[in-house]
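A.B. asks: Marked as active site, proton donor by Swiss-Prot on the basis of sequence analysis: His88. As annotated by Swiss-Prot, 5-amino-6-(D-ribitylamino)uracil binding site applies to Phe22, Ala56, Phe57, Glu58, Val80, Val81, Ile82, Phe113, with the evidence given as sequence analysis. As annotated by Swiss-Prot, (2S)-2-hydroxy-3-oxobutyl phosphate binding site applies to Ser85, Thr86, Arg127.
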Amino acid sequence: MTIIEGQLVANEMKIGIVVSRFNELITSKLLSGAVDGLLRHGVSEEDIDIVWVPGAFEIPYMARKMALYKDYDAIICLGVVIKGSTDHYDYVCNEVTKGIGHLNSQSDIPHIFGVLTTDNIEQAIERAGTKAGNKGYDCALSAIEMVNLDKKLRER
């Protein structure tokens with residue numbers, strides 16, 4: 001039996017981050033967490049590109065373009081969608097989730113899902129660096145692990 005696990009060493013990785021400007025109070029904290037996680041595990045600042053998009057709905061489009069135009073090892077997708085009183089929340093959450101999922105099934109690099117979908121702003125704040133940790137940081141670790149898993153599979 002062979003067990004393959006990814007490591008959290010990120011020397012010489014090139015990482016793209018696409019982040020939503022909508023709910024920037026929270027997405028900026030997710031971004032800080034992601035960058036912190038990447039730097040702490042060996043990614044250099046010059047190997048991190050950050051692209052801001054207007055809202056969460058635009059994340060899959062830009063993530064696809066980033067994968068097409070640059071030689072990234074992974075792309076981290078960060079955003080926040082907070083439930084309101086209309087169905088708009090459901091539509092945005094569904095389409096962003098499907099879009100990033102589609103990229104993962106069609107692309108040769110991992111696209112990490114870091115879009116918070118919460119019932120209220122308090123839940124979003126909790127997941128952006130307070131009670132529930134920082135999901136941006138968690139996404140950075142997921143990106144590193146997935147890139148390393150991919151390398152190990154290719155080497156077999």
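Any Cβ shown, glycine's included, is placed from N, Cα and C.
Neighbours and distances for these, please.
C.D. replies: Its Cβ taken as reference, His88 (active site, proton donor) is surrounded by 12 other Cβ atoms within 10 Å in the chains shown.
Sequence-distant neighbours of Glu58 (5-amino-6-(D-ribitylamino)uracil binding site) (same chain, 6+ residues apart, CB-CB distance under 8 A): Ser20.
Under a cutoff of 8 A between CB atoms, and with a sequence separation of 6+ in the same chain, Thr86 ((2S)-2-hydroxy-3-oxobutyl phosphate binding site) has no neighbours.
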A.B. asks: Calculate the distance in Å between the alpha carbons (Cα) of Phe22 (5-amino-6-(D-ribitylamino)uracil binding site) and His88 (active site, proton donor), and round it to a whole number.
C.D. replies: 14
A.B. asks: Within 10 angstroms of the C-beta of Val81 (5-amino-6-(D-ribitylamino)uracil binding site), what count of other C-beta atoms is obtained when all protein chains are considered?
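C.D. replies: Step by step: centre on the Cβ of Val81 (5-amino-6-(D-ribitylamino)uracil binding site), count other Cβ atoms within 10 Å, giving 24.
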A.B. asks: Given the recorded positions Ala56, Val80, Val81, Ile82, His88, which one's Cα is the least distant from that of Arg127 ((2S)-2-hydroxy-3-oxobutyl phosphate binding site)?
C.D. replies: Val80
A.B. asks: How would DSSP class Glu58 (5-amino-6-(D-ribitylamino)uracil binding site) in three states?
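C.D. replies: In the DSSP reduction, Glu58 (5-amino-6-(D-ribitylamino)uracil binding site) maps to helix.
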A.B. asks: Taking the Cβ of Ala56 (5-amino-6-(D-ribitylamino)uracil binding site) as reference, which residues of that chain separated by at least 6 in sequence fall under 8 Å from it?
C.D. replies: Ser20, Phe22, Gly79, Val80, Val81, Val92, Val96, Val115
A.B. asks: With a 10 Å radius around each C-beta, find which of these binding-site residues (Val80, Ile82) has the fewest other C-beta atoms nearby.
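C.D. replies: Ile82, out of the binding-site residues Val80, Ile82, has the fewest neighbouring Cβ atoms within 10 Å.
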